[in-house]
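*Asks:* According to Swiss-Prot, the protein has these features:
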type	residues	note
CARBOHYD	Thr48	O-linked glycosylation site
CARBOHYD	Thr431	O-linked glycosylation site
MOD_RES	Ser2	N-acetylserine
MOD_RES	Ser31	phosphoserine
MOD_RES	Arg43	omega-N-methylarginine
MOD_RES	Ser98	phosphoserine
MOD_RES	Ser417	phosphoserine
MOD_RES	Ser429	phosphoserine
MOD_RES	Ser483	phosphoserine
MOD_RES	Ser507	phosphoserine
MOD_RES	Ser545	phosphoserine
MOD_RES	Ser550	phosphoserine
MOD_RES	Ser609	phosphoserine
MOD_RES	Ser643	phosphoserine
MOD_RES	Ser687	phosphoserine
MOD_RES	Ser721	phosphoserine
REGION	1-52	region 'Disordered'
REGION	2-104	region 'Head'
REGION	104-135	region 'Coil 1A'
REGION	136-148	region 'Linker 1'
REGION	149-247	region 'Coil 1B'
REGION	248-264	region 'Linker 12'
REGION	265-286	region 'Coil 2A'
REGION	287-290	region 'Linker 2'
REGION	291-411	region 'Coil 2B'
REGION	412-845	region 'Tail'
REGION	483-783	region 'Disordered'
Amino acid sequence: MSYTLDSLGNPSAYRRVPTETRSSFSRVSGSPSSGFRSQSWSRGSPSTVSSSYKRSALAPRLAYSSAMLSSAESSLDFSQSSSLLNGGSGGDYKLSRSNEKEQLQGLNDRFAGYIEKVHYLEQQNKEIEAEIHALRQKQASHAQLGDAYDQEIRELRATLEMVNHEKAQVQLDSDHLEEDIHRLKERFEEEARLRDDTEAAIRAVRKDIEESSMVKVELDKKVQSLQDEVAFLRSNHEEEVADLLAQIQASHITVERKDYLKTDISTALKEIRSQLECHSDQNMHQAEEWFKCRYAKLTEAAEQNKEAIRSAKEEIAEYRRQLQSKSIELESVRGTKESLERQLSDIEERHNHDLSSYQDTIQQLENELRGTKWEMARHLREYQDLLNVKMALDIEIAAYRKLLEGEETRFSTFSGSITGPLYTHRQPSVTISSKIQKTKVEAPKLKVQHKFVEEIIEETKVEDEKSEMEDALTVIAEELAASAKEEKEEAEEKEEEPEVEKSPVKSPEAKEEEEGEKEEEEEGQEEEEEEDEGVKSDQAEEGGSEKEGSSEKDEGEQEEEGETEAEGEGEEAEAKEEKKTEGKVEEMAIKEEIKVEKPEKAKSPVPKSPVEEVKPKPEAKAGKDEQKEEEKVEEKKEVAKESPKEEKVEKKEEKPKDVPDKKKAESPVKEKAVEEMITITKSVKVSLEKDTKEEKPQQQEKVKEKAEEEGGSEEEVGDKSPQESKKEDIAINGEVEGKEEEEQETQEKGSGQEEEKGVVTNGLDVSPAEEKKGEDRSDDKVVVTKKVEKITSEGGDGATKYITKSVTVTQKVEEHEETFEEKLVSTKKVEKVTSHAIVKEVTQGD
């Protein structure tokens, strides 16, 4: 009894234990292997928050809980002291109770940390919702501002159009006014011109009047001079008559004698005088008539000329007025055309500017919408994760609540010594359904092969077309015979050989499929962890209801589960590394090529040589079998290729011996490369299996070294493979056949361990598609150029024939990726059954 009294009298012993367990539990919970989904929560909230919360905020709660538990334990030990001492198992019971207290305190600490994390996540969710609301309000405000700006822009554009219309109207009015002013100016100029013309006509008439007056004066002067002359002649005549009369009077005798003559002279003078007067009158009359007639003619001519000039001037003025009106109309039409062109250019510029601005705004809105969609998707994913965490926490909280209720009922039964039947409390089943939508966006995969065949045949004929035709017929017959033999050989080979699948080209889709498989495995591991935690909670509940021995077993199981979790995490990391190395090994093992025959036929296009793809098998055995089959097929094809060539050599009997030796030397190189690939893949896969079993980092380093050696061996094989293509010149019967083959090999891309090999077969470059990190390759091109030159000469006829035949084949392969969606629906149903047992106390009285 002294032991129980000491323990009851010293409650600090009970208080000392929970503090130690609390510190130890906090250290244990800080380890990465323990805790409820500590890895998944490390992404959302830091672990420092939970640790600081445990140190600061949980101290009073833990003290209170430890005090309550210590009081309950003291009462329990005091009431059961006699029974336990009589039973002889007091130390074991105390140890089990201390372990239960440690367990409950640790669970309380975890529960408080989970509650704090839930509050923190709720606060983050509220902040995110506030940001989303602010963004939505901002977008709404932007939209309202845009509407307001659009309305203002429309109004301003309407006003601008009105102003432009008014401006055009004013411009048209000004043009019309300018036209009127121009018309008036022209009319004024015309009137001034008419005035000048009339003044000039007046001056001309005045000049004519002056001239006519001068002519009249001259004529008057002539008349006066003639009158003076007549008077002078009359006076002279009279003087002469007087002289004659005087002479007559002097000689009277003579006069007497000549009396009869006196009358004759006077009559003669009278007659002469009358004749002279008549002549002078006639001359005067004729001169006057001539002057009058001349004056009348001149006046008539002047009047006629004036009328013609006036009519011509009127016509000229009319034509000028018409020309001015037409020019004015033309200027007005030009002005309207220029204004319309300016308006059209302005409208086009405005339309282009508006279109560019609208396109910019549309692009900006699309970018914003895409960003908001991405943000919403991210928030939805985070919200889904938080919901999953919340459901798990609700389950654990319910489990802890039931545990606490069970402990309280046990304490109450032990303290009050209440007897009652055994009952079980069954918790209602909780069903968690989580839908994970997994999308892989890949473009539809299509293979489009474009082949462009150009065949150019040039023939130059010099002499004797008959001989050339005979030569051509013989050559064609030989070629037809050779092609028939080749076709027969090919048919036999096809019957013997099975269908062979060619080496695949690993596209970016395989990488995405591997990543999708890794994500599915990670999700499956998370679900397994949740199930393990549900099992832990069930075990904890059963441990709370069972007796002392079961609690020890539960603790051992929890420790073992923690160790298995740590081991599981290590195994997950190792499994990921194994997957990466296996993917690399499979990629390196898959990259082998099978030669494709290219029979040469007379005047026929080059046959196509597509690169066929085969899906890679994940299992190592299947890959090895495929590699062996590929080796066999390659050997058969090499033998088949060598056989027709050797037959041709036997027929023509002049082929050098070096060519078959070279081709035979090529085949062992390929066989060695294939054997090295197979041995390397076997060793790597065996070592990976050993690593997963033994879980030692040293062997992982060895695997990496082997992978590096493998990359080196692949480099050697890749270096050997291009040495197989060689140029051959064959001289047969004086004929020279020069075959030039152009080969294009794709550049090596990818990691340092992965290299791609290009195998040249029959002048074709069949190279596998390259793999890119981050970028999808969609185009593969194979270009083959073949030139055959033949010169035939015959000494007898002296005819030469020069034939050049060039064939170019271009092959283009386009690959597109496929889009598909995977929906993974995982439903988790957890049923928890808690059983509480009421233990009867037996007290023995002394």
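Using N, Cα and C of the backbone, Cβ positions are placed for all residues, glycine too.
Keep in mind that what you see is a predicted model, and the values were worked out from it rather than measured.
Describe the structural context of each listed feature in the structure shown, including burial, neighbouring residues and relevant distances.
*Replies:* The DSSP secondary structure for Ser98 (phosphoserine) is helix.
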*Asks:* In Å, rounded, how far does the Cα of Ser98 (phosphoserine) sit from the Cα of Ser483 (phosphoserine)?
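*Replies:* Computed Cα spacing between Ser98 (phosphoserine) and Ser483 (phosphoserine) is 96 Å.
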*Asks:* Among the recorded stretches 104-135, 287-290, 291-411, which has the greatest number of Cβ pairs closer than 8 Å to the region 'Coil 1B' (149-247)?
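*Replies:* Of the candidates 104-135, 287-290, 291-411, 291-411 scores highest.
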*Asks:* Tally the residues of the region 'Coil 2A' (265-286) by DSSP class, grouping H, G and I as helix, E and B as strand, and everything else as coil.
*Replies:* 22 helix, 0 strand, 0 coil
*Asks:* Which listed stretch (265-286, 287-290, 291-411) has the most C-beta pairs under 8 A with the region 'Coil 1A' (104-135)?
*Replies:* 291-411
*Asks:* Please state whether DSSP places Ser483 (phosphoserine) in a helix, a strand or coil.
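*Replies:* Where Ser483 (phosphoserine) sits, the three-state DSSP reduction gives helix.
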*Asks:* Enter the number of other CB atoms within 10 angstroms of the CB of Ser98 (phosphoserine).
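*Replies:* Other Cβ atoms within 10 Å of Ser98 (phosphoserine): 16.
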*Asks:* Reported in the order helix, strand, coil, what are the DSSP residue counts of the region 'Coil 2B' (291-411)?
*Replies:* 121 helix, 0 strand, 0 coil
